[in-house]
Amino acid sequence: MDSQLLPVLLLLLLRASGPRGQGPGTDGPSGEPPEEGVSEEDGVLVLSRHTLSLALREHPALLVEFYAPWCGHCKALAPEYSKAAALLAAESAKTRLAKVDGPAEPELTKEFAVTEYPTLKFFRDGNRTHPEDYTGPREAKGIAEWLRRRVGSSATQLEDEEGTQALIDAQDVVVIGFFQDLQDEDVATFLALAQDALDMTFGLTDRPQLFQTFGLTKDTVVLFKKFDEGRADFPVDEELGLDQEDLSRFLLTHSMHLVTEFNSQTSPKIFAARILNHLLLFINQTMAPHQELLAGFREAAPPFRGQVLFVVVDVGADNNHVLQYFGLKAEEAPTLRFINMETTKKYTPAERGPVTAASVTAFCHAVLSGKFKPYLLSQEVPADWDQHPVKTLVGKNFEQVAFDETKNVFIKFYAPWCTHCKEMAPAWEALAEKYKDHKDIIIAELDATANELEAFAVHGFPTLKYFPAGPGRKVIEYRSARDLETLSKFLDNGGKLPEEEPTKESLAPFPETPANSTSEPKEEL
């Protein structure tokens, strides 16, 4: 062989072998060296089953989004995801962001148990078998901060008074852990909590002079804030140590204003506060007499901190959904409403009197002591509620119809905005038409967003319940297909399906949850 051809042949063989033994065809589109084997879009790595391993080797901290091109939530996340990548790149951070087209890469979605979009997973040090599920926000700054606190320390170590005061002055809410031994397991608990509490800034210290400066003699977590009382202390239990759940609840409670105005920025924190009782003052912020009521409302709040969350709702702002939920109109302000978020039971003052510190305090005590009965939302009974094949129920006539011992009553609980409800509407109408001459069968529907029931709460839509004739107030929940044939079999069989039902093919999709659900938006595969 000509010695001059040998270098050329060797070069061709090297190119054919692909980067790092990955085989042919795994280079980037331009046939560049291994480092450029992964393409990018807007600063985000675009990965496939061929390039994921390479990216894991190249990047010790890698956040991967599994997305679907048709997914609306993925499209909404895309610009924020790219912004987060740019923020980290500007800091020369070691963390990189990547994405995988899930439907195009079924092997990867199966390997990482991806069942909905978007799903984000965080890989450390090339570990492919145990990625961490991303649990942070869906906006750029939050994504970047979530990653920073995992790659670096989640808390700043403080050495002197000047640095400590500078940290406290820099933010509205700052949490500092004062620990005599930074190797103690309580410190690990503190840092683990700090990883996810992205709306707070954390520091920690073991310096005796700082304990003295802030009047501490034992391990304590201190929340400093530029509002209300300015400081809240959480002493570490000397026997039991630091409980992460207790500390988390403490920080959420004390990082909020005694009185919080409801808006799109504060609502996630209001629902995450884990304070089940909420007292809402509905006012029009553009009216001076309404604004004057805030002083008394704030005066009543301190004794109820941690037990009742005091919230102001401006009826002049974009809060119509809140008014609707409580069955209120803007003209009814100023007014108070009390709600328990777990039971969804709502309470209203017995009389429409002035809103003062004394009246607010008395109302809270009366509800908490069980002296008030909850009120239930109900529309008025339509004059023609029973004139059509599908009967129209509301809160006021539900009991007498559903629990009529002479009738078998099948009710659809729906929401006007629910797509599954709209999809099944023709089948429900056909079912009612089919059984309209059966005097012992009633097919009905109830708008569960505008009517509340004492018997039970409705959490998903549509919910189908069957109330068989006879004593005992029996209720059977229907959980199968929503087509005319299967619904008819259920009725004909006395409120149950034949043994062969349901089949895997006929199972109905999960009910939709209300729009104010606190879960992250995702789309199932």
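Every residue, even glycine, has its Cβ placed from backbone N, Cα and C.
Now, the feature entries from TrEMBL:
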DISULFID  C71-C74  disulfide bond
DISULFID  C418-C421  disulfide bond
DOMAIN    12-152  domain 'Thioredoxin'
DOMAIN    351-496  domain 'Thioredoxin'
REGION    17-40  region 'Disordered'
REGION    491-525  region 'Disordered'
SIGNAL    1-21  signal peptide
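Summarised as a single figure, the pLDDT of the domain 'Thioredoxin' (12-152) averages 85. Cβ neighbours within 10 Å of C71 (disulfide bond), excluding its own Cβ and spanning all shown chains: 22. With respect to their backbone Cα atoms, C74 (disulfide bond) and C421 (disulfide bond) stand 25 Å from each other. Helix first, then strand, then coil: DSSP counts for the domain 'Thioredoxin' (351-496) stand at 45 helix, 28 strand, 73 coil.
A gap of 18 Å separates the Cα atoms of C71 (disulfide bond) and C418 (disulfide bond).
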